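One structure below.
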Amino acid sequence: MHKLFAVRSLSSAIVKSFKSLQNQQAAFSTSLLLDDTQKQFKESVAKFAQENIAPYAEKIDRTNSFPKEINLWKLMGDFNLHGITAPEEYGGLNLGYLYHCIALEEISRASGAVAVSYGVQSNVCINQLVRNGTPDQKQKYLPKLISGDHIGALAMSEPNAGSDVVSMKCRADRVDGGYVLNGNKMWCTNGPVANTLIVYAKTDTTAGSKGITAFIIEKEMPGFSTAQKLDKLGMRGSDTCELVFENCFVPNENVLGQEGKGVYVLMSGLDLERLVLAAGPVGIMQACMDIVIPYVRQREQFGRPIGEFQLIQGKLADMYTALQSSRSYVYAVAKDCDNGKIDPKDCSGTILLAAERATQVALQAIQCLGGNGYINEYPTGRLLRDAKMYEIAAGTSEIRRLVIGRELFKHQ
C-alpha cells in the first residue's frame, strides 16, 4: 500500500507539472527558431492541447478509441487547426508548413494518437486536396474537412505492397462516366471513421509507375467498405483498418490530378507528409521531458533527489539535445518549404532523425523512472509505443535512408 501511494504521489506531481507549461517551455527555448507571432501560436496550441486533449490521452490508449463524451475532430476544427495550410476561402488559415509542424508537435505532446490522426486529416488529406484538387473538388470537400465536420484519410499501401507501392494490385477499370475500383488497401489511418479518402489505384497495369491514378472516395459510395479496426501496438485510438473495394464506381470528377499521374500526386505530397509528421516525434520527446524532469526532482534515493546524480543529468542532457536538434531541423526544413524549397532528402531527414531519436528518448524516460517507468500508472510506456510508429509509417527509416543516399549520389 505504501509503495502504491508513493507511485500515485509522484504521478500526481507529474500531472501538476503539465499545468505550468510556461515554466516548462522556458527550459526549452525556441527563441532562436521562432518569431514572436510563431511563439504565440505555439503557446496557444499548447494550451488548447493540454486542456482539451491531454486529459483523455490515457483513456484513448486504454480503450483504443477517441472519447465519446467530446468531439475532438470538431473541437480542433473550431480552433482552426485542420486547415493551417489551406486557403482562407475554404476556411483555412493559409499559414504554411512551419505553423503546421508547430501545431502537430503540441498535439503530439498531449497525445500521440490524436496527433497522428490529426496529421493524416490536415496534411495527408486536406493538403493533398489543396495542392492537387480542381476548384470544384476543393469547394466540395475542403470546407467540411477543415471545420472538422468530416474526417479525411489516405490509402496507398496494400497487404502485399508497402514500400514497393508501385506493385499495388488495386485496379480502377474505365467505364462510362468513370471507373470501377476493385481491391484492398491496408493500414489506413482514420479509415474506419473517414468521410473523404484519397485512394491510389492502377488504371493501366502495363504502365508501371505511370499507370497509377489518385481518386477521391466518399464513404457512401456503393462497393466501398471498411474491414475490422486493427489492434495496434501504439497510436491506439487512432483508428486504422483495411479498405475493401468491390465494384466501387467512382465518377470522372473524382479523379485527383490526372489519370496516370497518381505517383506524382503521391510523391510530391509524401515529402511534405514526412516533414509535417516529423513534428510528431518531436512532441513525444517533449512529453518525455515533461514527465522526467519533475520526476527526478521529486524522486529521492540515498537521501536526495535523483536528479542531482550525474548519471541522471547525463541522461537529461542526451534527451534534451536529441529533442532540440530534431526540433531545429524540422523547423528549418519547414521554413525552406514555406519558401518553395522542397528537398526530398531533408524532408526524409527530418523524420528519420526525429523518429529514431524519439524512440531512444522514450526508452531513456523509462530508464529514468526505473520501476515506475515500466508500469502503466505512468505514460512512458505509451510514449515508447507511440514513438516507434514513426520509424515505420510514411516510409520506414530504411526507405528514408535510401531517399537521402540516392539524392546525395544524384547531386554529386
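Backbone N, Cα and C define each Cβ position, glycine as well.
Some features that Swiss-Prot has for this protein:
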- Glu273: active site, proton acceptor (ACT_SITE)
- 154-163, 187-189, Arg299, Gln310, 367-371, 396-398: FAD binding site (BINDING)
- Ser163, Ser209, Lys210, Tyr264, Asp271, Leu272, Glu273, Arg274, Ala394, Gly395: substrate binding site (BINDING)
- 1-25: transit peptide (TRANSIT)
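Projection of Swiss-Prot feature records onto the structure.
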{"residue": "Leu154", "record": "FAD binding site", "Cβ contacts under 8 Å, 6 or more apart": "Val120, Val124, Cys125, Gln128, Cys188, Thr189, Leu197, Ile198, Val199"}
{"residue": "Ser157", "record": "FAD binding site", "Cβ contacts under 8 Å, 6 or more apart": "Val165, Lys185, Met186, Trp187, Cys188"}
{"residue": "Asn160", "record": "FAD binding site", "Cβ contacts under 8 Å, 6 or more apart": "Ser167, Lys169"}
{"residue": "Ser163", "record": "FAD binding site", "Cβ contacts under 8 Å, 6 or more apart": "Gly395, Thr396, Glu398, Ile399"}
{"residue": "Lys210", "record": "substrate binding site", "Cβ contacts under 8 Å, 6 or more apart": "Asp204, Gly260, Val263"}
{"residue": "Asp271", "record": "substrate binding site", "Cβ contacts under 8 Å, 6 or more apart": "Ile342, Asp343, Pro344, Cys347, Ser348"}
{"residue": "Gly370", "record": "FAD binding site", "Cβ contacts under 8 Å, 6 or more apart": "none"}
{"residue": "Ala394", "record": "substrate binding site", "Cβ contacts under 8 Å, 6 or more apart": "Leu270, Glu273, Arg274, Leu277, Ile351"}
{"residue": "Ser397", "record": "FAD binding site", "Cβ contacts under 8 Å, 6 or more apart": "Leu352, Ala355, Glu356, Glu391"}
- Note on the structure: CB contacts under 8 angstroms to Gln367 (FAD binding site), restricted to the same chain and 6+ apart in sequence, sorted by sequence, are Lys315, Gly373
- Task: Could you measure the widest C-alpha to C-alpha distance across Ser163, Ser209, Lys210, Tyr264, Asp271, Leu272, Glu273, Arg274, Ala394, Gly395, the residues recorded as binding substrate, and give it to a whole number of angstrom?
- Result: 23
- Message: Suppose we draw a 10 Å sphere around the Cβ of Glu273 (active site, proton acceptor). How many other Cβ atoms does it contain, all chains included?
- Response: 23
